[in-house]
Amino acid sequence: MTDPMYDYFYGAEAEQFSFYRIPKVLFTEERFRNISAEAKVLYGLLLDRMSLSAKNGWLDKENRVYIIFTIEDIMTAMGCADQKAGKLLYELESKCRLIERKRQGLGKPNLIYVKNFITPSESRFLNRENHDSGKVKITDQEPLKSRSNNTENNNTDLSDTDSFLFTSFGEDHGRESKRSDAEQREQYRKLIMENISYDTLLIDLPYEQDILSEILELMVDTVCTTKPTIRISGDDKPSEVVKSQFLKLDSEHIRFVMEGLKENTTRIRNMRQYLLATLYNAPLTIGNYYRSLVSHDMSEGFI
């Protein structure tokens, strides 16, 4: 079979096709050096899907755009196997926090939140410039370099098609409180991920990434709650007590909880409440569990 002969582009022909857009900062900024080129390409595909979701009104209660892009979708789009698809999602979620997955349960696909590649401080700066530009006459353009033509900010990273990623300056000012809550939540997320060695768990348990992600989000939700009490196994316990218990958990506790899920043979009607109870009780029951295993092995002559 001979290779096809491709023709050249002539004149305006190059403008008649559709293209995926990958933000230039993913290749130029140091903070994105730790993710592969394939993961960056996948991010471009997810951004493209998010644009469609935004137009179709796929928004959650907090007005955040989400998409549904399954492992099978990634395999088809990227031409890769399921393990590779999972690895690329892991890179985007755990290495650079460019996406966040939310488990729906009951066999439904995960929701994916595609995160803004521009940090909040950069977004405020850009919005401030846009806000000022309509009011200020510029008589001397040389000192104001930030207003000059810059392909990195002007037409490439911040194109019109991506404008839904950013809020206006007035909206941004009104959301300072929510942003501070989000920043606090992110700090707790990082602390918990470090406590439980989350990245190591994802590598050691590659087929359990969804439930590990659900456990992480549940732990973050719990330590960030403003409710005075949290229900554990039918009892309302003081939130501070539960938060303290959750912040003591490490990777062995999570592995213990995962092992319990595997061994459980009964139907779990409320997974969230089940996980809350097992996570809370993990430090209290993990010792007895492993002691019983040792006793069993000794009685059977295995040790």
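Just so you know, glycine gets a Cβ as well, placed from its N, Cα and C.
TrEMBL labels come from automatic prediction, so no person has curated them.
Per TrEMBL, domain 'Replication initiator A N-terminal' is recorded for 18-92. Positions annotated as compositional bias 'Basic and acidic residues' by TrEMBL: 129-145. According to TrEMBL, the region 'Disordered' annotation covers 129-161. The compositional bias 'Polar residues' annotation in TrEMBL covers 146-161. Per TrEMBL, domain 'DUF6017' is recorded for 182-301.
Here the domain 'Replication initiator A N-terminal' (18-92) has a mean pLDDT of 90 out of 100. DSSP states for the domain 'DUF6017' (182-301), grouped as helix (H, G, I), strand (E, B) and coil, give 90 helix, 8 strand, 22 coil.
Helix, strand and coil counts from DSSP across the domain 'Replication initiator A N-terminal' (18-92) read 45 helix, 3 strand, 27 coil.
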